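> Per Swiss-Prot, repeat 'I' is recorded for 113-454, and the stated evidence type is a curator's inference. As annotated by Swiss-Prot, N-linked glycosylation site applies to 214, 288, 291, 297, 303, 315, 321, 333, 362, 1191, 1205. Residues or ranges marked as disulfide bond by Swiss-Prot: 280-360, 369-375, 731-737, 769-778, 1189-1209, 1553-1568. For 392-416, 747-767, 1231-1252, 1522-1544, the entry in Swiss-Prot reads intramembrane segment, with the evidence type experimental evidence. Look at Swiss-Prot and you will find 417-423, 598-608, 718-746, 768-778, 1051-1063, 1116-1123, 1500-1521 (among others) tagged as topological domain 'Extracellular'. The feature topological domain 'Cytoplasmic' is assigned by Swiss-Prot to 445-578, 629-642, 798-1032, 1083-1096, 1598-1836 (among others). As annotated by Swiss-Prot, compositional bias 'Polar residues' applies to 509-528. Sequence annotations record features per position, and here Swiss-Prot assigns compositional bias 'Acidic residues' to 930-947, 975-992.
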């Protein structure tokens, strides 16, 4: 066994690789026997074995570690002994292939026939491990995949199929021969990936030989072959591992999701059952027998057409189905069939372009029908009948769709139209709780699983690196020793013959023949072997072979002659100058601008300018590259990534110039756009984000591959399963019976559908699929893609991005404070400007300053912009980052030097560091005159001397705690509390009105407050200060703000009709304005201008009041109708913003957001740059190509055969019915390109853009259906990079930023107010409950029996089962159920109500008043009461109030019962606990979101109230009233449907809309929108709500999920303590807090894991050393501490935990009994053992004495003489003489007993009386307690 162990300790090269022979096998068997014997011995001696694990670097599939060197060719491909010590006694061997990959095999005979030494098996192994074999299999799989993508395979493909099956069978055969089938480890079926192969092959044979009916379904199994690629590509297995891990972890979330969705679905079922079938049906004409007359303004013609009322109120035409035929099935001459009439679709009201009839409702706030139509429940549900709440399953699907937010705006609008706007609440709850919370929980879980997986791999890599370092150290030491030995030998003059490292088993000679060619191989000397080994190791870390470096030095470094070198140096000086960099950067920006200026239509002149510009820029960049090549030599030039990047782009630009006129290569122009990325060189954020994307691309590369495989598999599955159906049943989904755009008939379209599902849009394509191919199959496939692809893989994608975002990556972006060339150049320019300024000022003042003086004065005034040079002159080691306080001081100095109004820029900070950074050593001459810096004002000195925690940054914007304008918590910033108390006994005082600089400039501002007017003024200011500081004043102002905001909500389109309200509002507006002016003036007087205008919140108030003042003045002057004034009035919508500073919750969030704004803006800019590239590319590809010719009457496009281009269309225009029209959102310029990209990235409105792109031909040509099909790929690529990447970067940046802010606050939550933090901590402490008194068992016998029943666990379980059954009965309800079913369900419900009422009554009976002390019981009670009330009321409501809504809401109470299930499930409780912990923060963000919605809806009402009703805007969803606006904005919060709302607003004039249209009831004219305002409105709202607020929501959930899981994954959670206390209650019913020592064993055995110590536990309890009080009692806390210590182990944190537990307990139990422990369990045991020892010793002593006495008595009785008796008196003597002696005590004649004793030859010799049971002392050990010898010895 020595050999392998030595090898693994110091594996010096390939000698460790020994062939596997029969001897090796025998040795293994021998070792296995020895090991078994050793284990048996250890088991008997109870020695615990440390668990052994296989070495991770020697796992099968990994490459042979470098430390083994290169294996010699003779060991490749043959069985070798296993290197891993773990397998030293297991029958395995390894084989290496040429790539040094390890394959591990079982050494048992394969298939019971082939031993490892058989020729067949060795041959199979050689084939299996060969690289060509796996390559061949890989190629086969890929070819097979190509064949699978054929939609109509040719006849010969069958033979190809057989070939593939044959190859796969051959592969499996080889594997089985080489590995064995399934008996041992490392055999064929022990690898789960092989199960895949096996099942695929079996399926192939099954489908071939057995007729199984639906073949296509089974043939789809072949697709799984694509998964085999995963086994061949190494990185993929890790990702798949992470995927599988995350799926395991998702189980709890999945259960919670399904549970929540079920509850919501039940709610939906109760509320909206049957609602979506309510349609507008034309009211039928009255019939009589002879003639049919229609009593109305219109006439009914027997056989002809009915001219219906086509106009509905609104400005749009709604097309009804106009032709009625009296011979329809429902009308005969004598009867009228009502059912047939209302189910005839001809009588429904359809909107133009809609497949479904218009829905309506009967409640007041639901949708209404046009005149002549009635709302009747009939026909099928919308969307082929698949969108409904009629049964539980459809409701569940609808809610799942709502949760994944796919096309949910449609569901939202349908539901609100049918049921009423009040039900928006239902959607709000589900979107926020269901959608945001659950979906992000999935993200949180996946992210966590990935992070864990990642940590594991990182740890492994680190280990390897360390191992490598150790090996190098060993080699070096070894080499040193050898050299020493050599030196010693040389001194001795002797030569060592042979190998100095001879005794070693694995000597270090490595095969270096593959290194440098021609190097002789000297393996004879160990010395050279080791140095070779070191070289090899070093080389392994180098990228290229050595000859490559030699060659590169010769060819790529150009140093030929001296003049050339001189020239080179000059060029180097020029090219490397910072100004050149600045110039190049400006050129890049200009070039980008030039490219962005392209548009359609463009004049020829403009086009020429752009072309010339492009040539110039190409020239500049080419020149830069050539000069750099000369200056740096290619060798140096190509060492830098940026230069390589430059050279590629320049080359592409030149190629593009050459190919400029070739058709179809316009895309090459887009490569020029990559120049934009050169900005990253000097733009840290862009640089960092590119790095982050780079970092994640490695892992993402693998993930993308997995995603691609998944997409491929599902695309093929879809095509195989549904392709035919799409072709055959196409008429069900398309009126013209042509395949729609989204189908699965061929692979490309199938791929697009799967990709669309990954983007989160699955429901619409699924409806089509269900219509053509049946529901079950489509649901299965689509939901699988959705769950696997979208929820898991895409979340893993996000998790990867988030993981590459760590604070380090952000921090590192500054490159350790070095300045880049750009900053140096700008610094120089600033310096130059400053120099010129100072020189001119000197001239003006008549002083000519020397340059030195100028420099000096600059140094004082603005930090001598020589930061760059300063940095260079400082010694390297002193370029440290300045500490934070210095930066804070810098801020103050900046503010007082009048340099900065706002946070100093990095540059200014650099200059400042230069001035007062103690870490820079620069000699500065002494200043000649005093400067600001030397005489800090009073305020500054204060600030410097303030303690750390009271320092406030100078910019109040970021100031989370104090805001003057919310005076509730105003504190004057400067003074220390102590000073304040001394100076100012009456409390706080106002500050100076003006800053000192102002007073110095204008001395008249100085007021003496000690006398005269000044004193009065001071008194007035103090009075104002008191008023303003008063709480009531603040409350009053808040109330006014709320009222004035509320007043804005009334100004809708009906305001002109409501005269009274209008008048009231006008007056109110004036009153509010006066009040706010008054408040502002008071604050000016109280605080002074200095304080007021240095506070950001006050500025906000000031600006908002200004708006009111201006509109007030305009009203007085009669200019209120002026355009600018009107638009100013819309700014009143900002009034609610004033509430921000007053509500602490919102202010906290806003402060957090403001802190994040810089980084958010940075990322936004980077994203815009990213998108700019796609936008310009879009302009290149699509500008002017989206126009089409349309027939305006039928809204149909002309076919390409009728109209081919713009001129043909214009020739038809004289008919008046034709227009040459553009798609509203297009790529005609970069701005519109951005809008298009935003719609694509949010997946809203992207279909129209994509269709237009795919149909586009050339500029001014009529589009043709899918003529440009592969343009889909532009969108696919953009979605991957522009949407997945950039939008997720936002989440990353925001989360990262909040984490950094938290760090600064010392880990406190940044989204919660102090009050809410208390709630949060209370939630966390839920577990620290005191032991409650258990509810005492009642005395009454019957009550007692009930009590026993109710407290049994079985009772609880039964109730849970009943709740589940009740849930099932609720799910069974459907719309239109038969009367029988209604009655049955009613009765079942009655039974359940009786059961639950019974349970409630039983519990009340048993638990008496204690019933209401448990929260869940109260909940149960409420539910029962509501159920009973519901039963009673349902009849009343149906009889007297015909309000189905009320009735339905009451029925919801039953669903409450389902929630009781939560009690039982621990995993779900954790997740809900995370939600509960997030609530306060989420509430704050919700408030902020509501504020934003409020402001935007007011703004929307004033701008878009009258736009034309089309696409997304109709009679219910519009901006006419406040309620409608809020509904629309809620919809857009998730970015749903914003394209529909934007469309009508983009109508800017006729013929799209009519600017002179009269709007009845108001004086406003026209129904046109304002495109620019509309675009700004929607884009800003989407960015604010979707990107910021929603992402903050995500950040908080991720955070709290981590906290909650940490709580639950810790070995001990609050639940465990709760369980401890629950068990305690049973053992300590009187809550004395003590338990008898005798019951301790039972108590710890009754606990649940992890605290439980199972019986036999006596010894364990003794070793716990628990303190005991008199009466042998133990306190509950002591037991808890001991058990906790047992679980967590003894650590430093333990004491802290103990202290907190004690504090919690003391707080919870003020009555804690004071106790003084007198002993401990361990001491008690010691005492017992000692007592037993003493007893035994004493017994022995007694025994000896009785022996002596006995022998004396014996002798005495025999010979009568002898010495004195040893025991003359005492117990022993008396007893013995009583029993054996004479009456007188020393009689010489023996008694008969004694004779008997003597006669008995037994050994007892009269010792019987001294048995322990007879002696009163010492006491016997307690019965039943046997003391084990081992314990006795150890304890004493």
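Note: Cβ is positioned from N, Cα and C throughout, glycine not excepted.
Can you tell me where each of these features sits in this structure?
The secondary structure of residue 280 (disulfide bond), as reduced to three states from DSSP, is extended strand.
Here the Cβ of residue 362 (N-linked glycosylation site) has 17 other Cβ atoms within 10 Å, regardless of which shown protein chain they belong to.
With a 10 A radius on its CB, residue 369 (disulfide bond) counts 21 other CB atoms from all the protein chains.
Helix, strand and coil content of the topological domain 'Extracellular' (417-423), in residues and according to DSSP, is 6 helix, 0 strand, 1 coil.
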> State the Cα to Cα distance, in Å, between residue 375 (disulfide bond) and residue 280 (disulfide bond), rounded to an integer.
5
> At the level of the C-alpha atoms, what whole-angstrom distance separates residue 778 (disulfide bond) and residue 731 (disulfide bond)?
18
> Using DSSP, how many residues in the topological domain 'Cytoplasmic' (1083-1096) fall into helix, strand and coil?
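Going by DSSP assignments, the topological domain 'Cytoplasmic' (1083-1096) contains 11 helix, 0 strand, 3 coil.
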> Under a criterion of Cβ-Cβ distance under 8 Å and sequence separation of at least 6, what residues of the same chain contact residue 731 (disulfide bond)?
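The answer is 737.
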> Looking only at the topological domain 'Extracellular' (1051-1063), how are its residues distributed among DSSP helix, strand and coil?
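So the counts come to 5 helix, 0 strand, 8 coil.
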> Same-chain Cβ contacts of the topological domain 'Extracellular' (1051-1063) under 8 Å, 6 or more residues past its ends?
1498, 1501-1502, 1505-1506, 1520-1522, 1559, 1561-1564
> For the topological domain 'Extracellular' (1116-1123), how many residues does DSSP put in helix, in strand and in coil?
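Within the topological domain 'Extracellular' (1116-1123) the tally stands at 3 helix, 0 strand, 5 coil.
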> How big is the Cα-to-Cα gap, in Å, between residue 360 (disulfide bond) and residue 369 (disulfide bond)?
6
> Find the average pLDDT over the topological domain 'Cytoplasmic' (1598-1836) in the predicted model and report it.
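Taking every residue in the topological domain 'Cytoplasmic' (1598-1836) and averaging pLDDT yields 69.
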> Are there residues of the same chain, six or more positions away from residue 1553 (disulfide bond), whose CB falls under 8 angstroms from its CB, and which are they?
1507, 1508, 1544, 1547, 1566, 1567, 1568, 1569
> Taking residues 6+ outside the topological domain 'Extracellular' (768-778), which of them lie with a CB under 8 Å of any CB in it?
217, 384, 386, 721-722, 725-726, 728-730, 732-733, 740, 742-744
> Closest to residue 1189 (disulfide bond): which of the recorded positions 280, 362, 369, 769, 1205, going by Cα position?
1205
> Among all the protein chains here, how many other CB atoms are within 10 A of the CB of residue 360 (disulfide bond)?
21
> Closest of the recorded positions to residue 1209 (disulfide bond), Cα to Cα, picking from 280, 362, 369, 769, 1191?
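Of all the candidates listed, 1191 is nearest in space.
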> In angstrom units, rounded to an integer, how far apart are the Cα atoms of residue 1191 (N-linked glycosylation site) and residue 1205 (N-linked glycosylation site)?
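About 14 Å separates the two Cα atoms.
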